[in-house]
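K.L.:
Mind having a look at this structure? Questions to follow.
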Amino acid sequence: MGLLLLLSLLSACFQPRYAPTWDSLDQRPLPSWYDEAKFGIFMHWGVFSVPSFGSEWFWWDWKGAHDQNFIKDFMKRNYPPGFRYADFAPMFTAEWYNPLQWAEVLQASGAKYVVLTSKHHEGFTNWPSKYSWNWNSVDNGPHRDLVGELAMAIRNNSDLHFGLYYSLFEWFHPLYLKDKQNKWTTQDYTKDVGLAELYELVNAYHPEVVWSDGDWEAPYTYWNSTNFLAWLYNDSPVKDTVVTNDRWGSGMLCHHGGYYTCSDRYNPGVLQKHKWENCMTIDKKSWGFRREATLADYLDMDDLVKILAETVSCGGNLLMNIGPTHDGRIVPIFEERLRSMGKWLQVNGDAIYATKPWRAQNDTRESGVWYTSKNDSVYAIVLDWPNSGQLTLGVPRSSPTTTVTMLGWAAPLKWVAVSGSGITVQMPTASSNQLPCQWAWVIRMKGVM
């Protein structure tokens, strides 16, 4: 026992400590779980879920610089004169919010991590923050700790890593507006609200993803980002497992932080040198729930599997967003997409989880084919079934030990080498309901170069 304690102490002594500089912070290795996970679920939920119209930027579009007339017209048609955005908060009731049910749906999606909005740009906190009096989910609205309840449900009933989105700025916070007017020479908002809430969140809920946003107006020095990250990596309760993104100040995107997001819906289509994430949303027009959305506004399963394949092939993670309702429901169309992704991953997860990019990301001869690799296997994710029943791949080079199979299909597949480079694979002869999945099919090749 004494020896184990000594070894533990010695290990702690030799853990690197990171200085509050980008040169130092950028040297921190990304915890391995994140790259292995590949797929996560984003959830945008807040007071904006009450009007659930336009997007989660409803308040800004109504009262901010955008001043969109369609929002004004919506308010005139549906709410009395003098109605304020703050009046939506008591309507954020979450009476149907069942964290155990959410955890089950999220687990069924095949995702390996979830990122919940703790606070969006409106400033309403989904936990009882002592720095957001009467503008939080315990003092107002649901009168529940929405963050804490989901954190517990996820950890006790799933194998997902729990993460939190946090907006550094608030559109209309007087301290923030004063600092902005002072051209960031004062930091009253950062000290009294932004940093205080971040430390509170990490210490209370131990998120393994800290997904920062709302940083773009001010430099990282205003946000004290490097000091916070040094604490997060050195001394926080999640210092060994936490991952962060690149939204820590103006000009930081795609340059500094943990993994890169670069922009919303970032999907470069080519291999990147740095670990990255494609954060995108099933509703093509909004991150929050919209009551006016039509079926055509939602990405279908062909779209989603394609985006997953493209993203993972090029070394990224996919963070796919849904928007719960004001009363705490995951509506059927979102649930259907999540469960369908899970069914696809049950069959084809070997081509996604813990994979590495191969020497080629997509095929040179057959469009709609994306590659991943793991150990001695190369996976070709085939988005479109070939009309002829034969699939010719231009990149793989066969060898005497080459074998070809389809994930979820018991029998090996027949194949022949193509002169020069490539192989032609005979796809299974079967009806659509006999195939292992509906949307995309994975060819596993061993012994190819």
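In case you wondered, yes, glycine gets a Cβ from its N, Cα and C as well.
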K.L.:
Can you dig through Swiss-Prot and tell me which residue of Asn156, Asn234 is labelled N-linked glycosylation site?
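P.N.:
The residue tagged N-linked glycosylation site by Swiss-Prot is Asn156.
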K.L.:
Under a three-state reading of DSSP, tell me whether Asn375 (N-linked glycosylation site) is helix, strand or coil.
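P.N.:
It is coil.
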K.L.:
If you measure from the Cα of Asn156 (N-linked glycosylation site), which of the glycosylation sites Asn224, Asn362, Asn375 is the nearest?
P.N.:
Asn375
